[in-house]
């Protein structure tokens, strides 16, 4: 039987939610009730699969499934009031920490003026953010399209490349094995994970994948496409593969890809949704090799962990295909005043506090600690790797990776796996993590591995 709409039920549910939003703390009974509600509503109205996916953080009790609020700049608090060091960073959105006061203040001030733009008048913050990004990004990148997510920024990049290269008879895209560029139809065509791709086949035609980090494979693909008349419009890749398991290419790889793109007349699209905004020790990961892309994709940390925003920044030559008709690719909420306020404040914090340099320093400290643990536990840990504050610990099998996330949760440190590599646990904390918290994370990892070794030996 079809369920009839119920205005009364919707009104009661929304009123209950507003009451919770107003509260700073919950008593014990309220906490238990909220946990039950959240789990039930996820099961019945969001997606029950998420409950299974988050089993590593529910191993210590279902209270762990319910996030309540930010703690300090680098911590989260659950409904029991227990504080966790955040080494997941919302998959890379909290580069300047949780509720960074500069970012929150900028958004609150803009909220008091005008939350969203009229769509007809020129909005000043969009202009100022575009100018700021033109100054901040490498090379000749000049014009920005704003959206709401990393996937959307990749979609815009693909469409820009198509619009620019189609008159030149170039329609093929080359992406890399292990890549993750999002899950909308265009971005998914560039993503290289069968689990995400197969249910939506056929995807967009014209996409080829080559091994990441293998410059000869890239050259061969570009050459073969040219020989067969399937000339390449663009090469799209991540400077470091995040969801692929924090995979670093060989030194000089990005430089070599840039040269190949120039040689074959292909555009270079760099997806820095996860590696950008100071994460790897530079403002953008491509700066480690002084590589200048034709199109750059940003999102995640651009909004300072307060507002969602993505950006696609391109050279004037490429972006000019939208000059005659700027409505060829638009989005209602892209570049809205609240999101732009957050992004401008985020950039200001990153530069004022020199957080990219801090990411390099603290990342080296953490990675040294994880590599020492890999030497102490070779039966469990295959490798520790990373750059800046984007790190990964790869285990000998999937089960140990899951157990490590669970044990770290018991040690009050939040970590999680990567989407394309189940054996790998990602370490992606805020760049504002303190030295003391870095030391706590390493101690927690040592305790977690010791507990896992005992359980393996007893099994």
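Keep in mind that glycine also has a Cβ here, set from the backbone N, Cα and C atoms.
Remark: residue 332 (pyridoxal 5'-phosphate binding site) has 119 as non-local neighbours, by Cβ distance under 8 Å and separation of at least 6 in sequence. DSSP assigns residue 332 (pyridoxal 5'-phosphate binding site) to coil in the three-state reduction, placing it in neither a helix nor a strand. The pyridoxal 5'-phosphate binding site feature in Swiss-Prot is assigned to 150, 151, 274, 332.
In the three-state DSSP scheme, residue 300 (N6-(pyridoxal phosphate)lysine) falls into the helix class. Around the Cβ of residue 300 (N6-(pyridoxal phosphate)lysine), the same chain contributes 90, 91, 92, 93, 150, 273, 274, 276, 277, each under 8 angstroms and 6 or more positions distant in sequence. Annotation comment: Swiss-Prot describes 300 as N6-(pyridoxal phosphate)lysine, evidence class sequence analysis.
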Binding-site residues (151, 274), the one with most neighbouring Cβ atoms at 10 Å: 274
